[in-house]
Amino acid sequence: MVLFHAQASGRNRVKADAIVLPFWHFKDAKNAASFEAEFEPSYLPALENFQGKTGEIELLYSSPKAKEKRIVLLGLGKNEELTSDVVFQTYATLTRVLRKAKCSTVNIILPTISELRLSAEEFLVGLSSGILSLNYDYPRYNKVDRNLETPLSKVTVIGIVPKMADAIFRKEAAIFEGVYLTRDLVNRNADEITPKKLAEVALNLGKEFPSIDTKVLGKDAIAKEKMGLLLAVSKGSCVDPHFIVVRYQGRPKSKDHTVLIGKGVTFDSGGLDLKPGKSMLTMKEDMAGGATVLGILSALAVLELPINVTGIIPATENAIDGASYKMGDVYVGMSGLSVEICSTDAEGRLILADAITYALKYCKPTRIIDFATLTGAMVVSLGEEVAGFFSNNDVLAEDLLEASAETSEPLWRLPLVKKYDKTLHSDIADMKNLGSNRAGAITAALFLQRFLEESSVAWAHLDIAGTAYHEKEEDRYPKYASGFGVRSILYYLENSLSK
């Protein structure tokens, strides 16, 4: 984890591998201009072609007497067009350049804070989170990687009051510990991150933090609770399912209680409805919802927010053998509702249904938010940059959108179209697990909503199928697991304290 430090002036700054000077579009930032006497011979020729456009970067060598070996000219664009997301993406791009240049220690000069259209807090959150997002290294198994980049180890931010800035940096670092945990769990081998291993990670959180209590139900306990849908999905696997319940109590006397549910399919072959080989290559990431829940809870415990949150992860493989659950058969969930299986590859909604029922029975939730890499239809609809979500409560939906805007984790609300619910009709069961071949993300959400029908609990379903994992580098994320959802939900939970 990179260490951040703030100081008001650059006079006594420490030596570093690089110094970053900010520039507006076709205009010097005043704080950068104040360093011209020190660096002008080095960067003046480069300014002839440097325009200061958003994300524009010029990497130069410094003068021999300077404290930094390299000078980086950083374009911030136009001040009047600056947003927190622009700041996030700009400093994320900067981080990628610095890592490739093997600059481990960096001094970053801020533009004049009082002249920004953003607040100091918004700018610093965007800066630190952009750096932290791209300063992650995913687990590697190769002995030698000659292209390995050098991660940033220390960033000194110059031009801000340290007391305020350092508090922001500590908060973002704690949040990204949770993001990194989520990414690590998703990126590792499916043979390593089994349902049992996810349970061990959850149990270790309980050992590390007094505010966390973890309970794990094994196969027999799952059967005792009559979670027939989770058991059905697990039938084809040689590893047992685990049902993980992690309770964080930051405000024990309060009745307000958020339940987070994460899909925990640690590998998804599709079952008897077997996926094509190419589609199966990334299916170790089908537990990203569960990993997101663990990342949120670990960060909550570090931040010590005065709030009550329970995380629930139904964890299993969706594997294939002679015992696999079969298309056309009917299984009964914990709710007592029966489901006709039309596709064994629509397994995520089945295990989430049992988790929702468990939450309603045992947790007395004020609200339920679930996370799942649920449908390919969502990827087709919104791509890999935006997660779609559904909600039965307008206040919850608006609060999630507010947190989304603060954290550069784009969410888009989709409708729960009642008319489409009829596509789930079954002649032999209470419902089918698959609707028509259209509006697949909506019908999946409608399936989940059926298990909340008699409840007044506010609910949101985040389909992170497109955003959880990227096979190439993105503006906001490194390659592979993104940890999408950890930051926005933590901001949502923190914001709820003032409402």
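Along the chain as shown, the residues are counted starting at 1.
Cβ atoms here come from the backbone N, Cα and C positions, even for glycine.
Because the structure is a prediction, the values reported are computed rather than measured.
The active site annotation in Swiss-Prot covers LYS275, ARG349 and is backed by sequence analysis. As annotated by Swiss-Prot, Mn(2+) 2 binding site applies to LYS263, ASP268, ASP286, GLU347, with the evidence given as similarity to another entry. Per Swiss-Prot, the feature Mn(2+) 1 binding site maps to ASP268, ASP345, GLU347.
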Shell of the Mn(2+) 2 site beyond LYS263, ASP268, ASP286, GLU347, same chain only (C-beta within 8 angstroms of their C-beta centre): GLY264, VAL265, MET283, MET287, ASN318, GLY348, ILE351, ALA372, THR373
Spatial separation of LYS263 (Mn(2+) 2 binding site) from ARG349 (active site) - C-alpha basis, Å: 8
Which of ASP268, ASP286, ASP345, GLU347, the listed binding-site residues, has fewest other Cβ atoms within 10 Å: ASP345
ASP268, ASP345, GLU347 excluded, remaining Cβ within 8 Å of their centroid (Mn(2+) 1): VAL233, VAL265, SER269, GLY270, GLY271, ASP273, LYS275, ASP286, ASN318, SER343, THR344, ALA346, GLY348
Neighbouring C-beta atoms (10 Å sphere around the C-beta of ARG349 (active site)): 25
Surrounding CB atoms that lie within 10 Å of the CB of LYS263 (Mn(2+) 2 binding site), all protein chains: 30
Inter-residue Cα distance where the pair is GLU347 (Mn(2+) 2 binding site) and LYS275 (active site), in Å: 13
DSSP three-state assignment (helix, strand or coil) for ASP268 (Mn(2+) 2 binding site): strand
Nearest of the binding-site residues (LYS263, ASP268, ASP286) to ASP345 (Mn(2+) 1 binding site), judged by Cα-Cα distance: ASP268
All-chain count of other Cβ atoms within 10 Å of LYS275 (active site): 16
